[in-house]
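Below is one structure; the comments refer to it alone.
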Amino acid sequence: MGGKWSKSSVVGWPAVRERMRRAEPAADGVGAASRDLEKHGAITSSNTAANNAACAWLEAQEEEKVGFPVTPQVPLRPMTYKAAVDLSHFLKEKGGLEGLIHSQRRQDILDLWIYHTQGYFPDWQNYTPGPGIRYPLTFGWRYKLVPVEPEKLEEANKGENTSLLHPVSLHGMDDPEREVLEWRFDSRLAFHHVARELHPEYFKNC
């Protein structure tokens, strides 16, 4: 008896079962597609390119051939609290994000790299609206967006070698409030979900 589900065919199942049991919940603040992944283990028809901005954006990246493969090399999953904290620490240790001027293009590149290498669906890096400091909606992500001081902007735009297309020279064109923002690490964001306190309306379905 046993057929195709005999003992020999389920080698490794205990490890898979244990991995499923230990699967972490999605972090507070991730998007609808990540909630699908958490609940069903896949993105369902309730989140498609037609009705979900993150799905539509990802599909567009795949069509554009953005410079590296956009199909993840690991299983697709939602961003978790622990993963967001660990990723924040990794980027802080490696450098490169702290004080970097934010632009949508730079955020897209970061999201795609994380999606490709870690499998986290790119609907987790969202922030509270401005003006002023923008706090991450995803609990555990320890980078906030902070307006750059006018003096620092003035200094950065001096000289003939300034690129007009550099985010610091675009004077906040990416931002609804026309503020130039930079990523800033804040260790307290691992313990204090500021976005949830400021905007509880964003978390009604969490």
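Note that Cβ sites are derived from N, Cα and C of the backbone, with glycine treated the same way.
Just so it is clear, the model here is predicted, and its values are computed rather than measured.
Listed features, source Swiss-Prot:
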type: LIPID; residues: G2; note: N-myristoyl glycine
type: MOD_RES; residues: S6; note: phosphoserine
type: REGION; residues: 69-78; note: region 'SH3-binding'
type: REGION; residues: 108-124; note: region 'Mediates dimerization, Nef-PTE1 interaction'
Mean of the pLDDT scores, which run from 0 to 100, over the region 'SH3-binding' (69-78): 70
Within the region 'Mediates dimerization, Nef-PTE1 interaction' (108-124), residues counted as helix, strand or coil by DSSP: 11 helix, 1 strand, 5 coil
